Ligand SMILES: NC(=O)CC[C@H](N)C(=O)O
């Protein structure tokens, strides 16, 4: 069946429908990872967005359920050049086509994703519609596209109840703002007992559980849409509990302590973004998925200083909080998909908890 991708600037791409045939209006973003499409589909940070994969062949190893980063796919749509018709891998359990269909996620294949990515890169991220309706009315479509914006996506994707991953080591409270599974897993593998809290949990409840450390997760949408969570994070900042935050968590801690965030032209999404550790000068290759960033000029140097910078565009990729056991990164040390270069940051968090305990 034919499908169309209609962009807010009037461009129309014609391809074939994959997954669900329903219409989807979303923000269109591109990801340059060559593999890891299942982790991309199931990363809750993509709620409210449809993802274009720039790598031209997607799906060749199928779907391996074990690799899911949450219990379901969260993207609004999936856009690829060529979808593998015959996945082949010893772990393969399903095809992307089936997986998208079962989960009612629409997609489009067979379009020139290079041309599409160039448009997004030059004009910036924009809204788009995926539809199988050949008789779409352009004026109606444009009205819908202009009206669309990501709202409070966090409350949509967070867990409903708290849960615990047992461990004999440090007790970590993980605030789930749309957490990828590999965050809890990375802590659990290091022996931590991880208690996962819904995003609407109060700071008082977390503090009362007396954790050795607090972890703020990644998550979808505009960080400024999370006013209530920001208030609770401010209270966590006031304690002396060690805190480590990733991506949305990093942005929210910055907002909670007086800094500002802004929307990047087309974001960073992929598996090979170079970040520089400002202290050592060493560059790490990181997995990233963000559309917003902290404005370093808005930082009060008495509160927080840049710890990592993106080598491509010089934007901020991490902060160290002055006089606090707090450090935060904009990229993904849990790296699923992506290089494992930065997994040492979890060890750094464990060391911080150890030092605090022995102080
Ligand atoms: N992966 C994330 O946590 C993304 C954070 C935020 N939603 C952004 O796009 O910048």
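For all residues, glycine too, the Cβ spot is worked out from N, Cα and C.
Annotated in TrEMBL:
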ACT_SITE  247  active site, nucleophile
ACT_SITE  332  active site
ACT_SITE  334  active site
BINDING   45, 219, 221, 248, 251, 289, 291, 292  L-glutamine binding site
DOMAIN    1-131  domain 'Carbamoyl-phosphate synthase small subunit N-terminal'
REGION    1-170  region 'CPSase'
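Calculated from their C-alpha atoms, the gap between residue 291 (L-glutamine binding site) and residue 247 (active site, nucleophile) amounts to 10 Å. The Cα of residue 292 (L-glutamine binding site) lies closest to that of 247, out of the active-site residues 247, 332, 334.
When the active-site residues 247, 332, 334 are compared by Cα distance to residue 221 (L-glutamine binding site), the shortest distance belongs to 247. Annotated L-glutamine site 45, 219, 221, 248, 251, 289, 291, 292; additional same-chain residues within 8 Å of its Cβ mean position, judged by their own Cβ, are 218, 220, 222, 223, 247, 290. When pLDDT is averaged over the domain 'Carbamoyl-phosphate synthase small subunit N-terminal' (1-131), the result is 97.
Annotation for residue 289 (L-glutamine binding site): spatial neighbours 31, 40, 43, 45, 46, 218, 247, 267, 268, 269, 332, criterion Cβ-Cβ under 8 Å with sequence separation of six or more. Binding-site extent for L-glutamine: residues 45, 219, 221, 248, 251, 289, 291, 292, maximum pairwise Cα distance 13 Å (rounded to the nearest whole number). Counting in whole angstrom, residue 248 (L-glutamine binding site) lies 14 from residue 334 (active site) by their C-alpha atoms. Helix, strand and coil residue tallies for the domain 'Carbamoyl-phosphate synthase small subunit N-terminal' (1-131), in that order: 30 helix, 47 strand, 54 coil [DSSP]. Under the three-state DSSP scheme, residue 251 (L-glutamine binding site) falls in the helix class.
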